[in-house]
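Engineer: Questions regarding the structure given below will be posed in turn.
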């Protein structure tokens, strides 16, 4: 059998190089480029001018070191990035056919896993032992190509493998070495054709047969078909979520290890049907498929039995409450949500680097027809869009660092769940909409596929849906906040994620006149004022949400209906709480920075992000009389001023993201060289394939 579908991790070392030269032939390059003078803004965009006096450390170096606090892992990062820049294996494949791309990504996956997980640099057990390694790996992997590779790796190791590790017991854990090294490929079969978000209503069944001590896995109806299952084309095993039926009683959703292919990795097991879900917006290197089961028998030991087992024919669980048991089964999704936040934030870092570098080299118009043209970064309509995005990414870095630290400590599971869910929704949505705007800022060149924006948008957009639809995640955040609020309201001693509420209770009952009317610069840029604004909004919306749901319930006497009637306020609460946490942790992080240059730069970015959040929800602050008209105008002017000042450092600020230069893969975002030479190197002549055959025949 050919190496393209083998489970041998060494297969990728012999992969043929499917890529020809990129762009046009050398002789055509001579015609396109060499006869023309270089663009007036060429060469390297960055120089040593950014270095701190008396040191070899640039501001961008210090910003990058700050952004990776709690996820440093330099050996893992360097190994991963060295692999991704090895063009003998890791050539971008998104321009290939769907089928060819999947073969390439499979070989890349097995090669990478053998060189990282296989060498012990990171393990699936780090889901518990050191989750910061997983965050560091996601930060690196999301820079490569269209995220097909990263997604396939996450599915195999951190969904399929995580189910084995988190839901299984010692008898299942023996599979982990082969899973994480790429020798055993698996998939995570949760989503169904008829149910995505509502996992508790999945329809696939696993019926216990006491006579043979087996389970029968069954797809009882079309809507029970497993759907969008990543790695379905190559997986040999599947972690299948199904309703456990014991003695005719439904014990709700559990997870099972189900062989779906023969050991050769191609032929299906009896009773298993697998198909292709077809082309997608992006990430076509991921083999998403559908799976159906027809009386597929598996032994009892294939039940992941950490939270449920069958003893002497009777179901038992260490968690008696079905809702709590189900919540524990789904708890592993938290790692996926945190990983998405890291991956999405890095994607925006790449997109911003491309857009900022382009805007510093691209010139349009001048003061007079004969005057030098102006780099577009100098136009307010440009930098007032770019700079808040740059500041937001640094804000995301601050909160991700805090979340990663808390996740490693496991000290407050409730706070981790609320924050991970809110951040996944906030970051994935912001990144998708921002990249689309960055495409616009790069004009016609941004619309070309060589800009990379189309690929970045397509690969990131799905993050708003998988691992929890964003709207539902916001509802989870709101629900958890209301539950905690109800528990602690009577004592007014708020703790954990609601600790800020205690000092806001009295403020909510006052006129807060002094805060309302001051509009001077010192006041508006004061970090405590900015924190107070965000905490006030979250506190007010939490109380409003509790009252809104309560009033609706008094009328309808139906919990489901009263919740739905309150959704607008609840979603507003969840978004506001998440932004409040981001601002608060950004401020805390800034105050802890020792280096003055780094601290002052981050302080400006923090001020810009917080003011941006306030302006975007000015309707709330005005309607609650927290901010008056004069203050709203002053905030808008101050945002413009901060954007102008920070735009002078735009290149250093995106350099502080620490993107791997060889993985930028866009002529618009190259650090060195002539902008237009880089662009022209990506295009060519019209081939004969552009003409109807009868025209070509007539020409002959």
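Placement of Cβ uses the backbone N, Cα and C atoms for every residue, glycine included.
Pasting the feature list from TrEMBL:
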type     : residues : note
ACT_SITE : 467      : active site, proton acceptor
BINDING  : 191, 230 : FAD binding site
DOMAIN   : 187-296  : domain 'Acyl-CoA oxidase/dehydrogenase middle'
DOMAIN   : 332-482  : domain 'Acyl-CoA oxidase C-alpha1'
DOMAIN   : 527-684  : domain 'Acyl-CoA oxidase C-terminal'
Engineer: Fill in the CA-CA distance, residue 230 (FAD binding site) to the residue listed as 'active site, proton acceptor', as an integer in Å.
Structural biologist: 12
Engineer: Counting each residue once, how many in the domain 'Acyl-CoA oxidase/dehydrogenase middle' (187-296) are helix, strand and coil under DSSP?
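Structural biologist: Per-class counts: 6 helix, 52 strand, 52 coil.
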Engineer: Compute the C-alpha separation of residue 467 (active site, proton acceptor) from residue 191 (FAD binding site), stating it in Å without decimals.
Structural biologist: 10
Engineer: For a quick check of packing: other C-beta atoms within 10 Å of the C-beta of residue 191 (FAD binding site), how many?
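Structural biologist: So the number of other Cβ atoms within 10 Å of residue 191 (FAD binding site) is 21.
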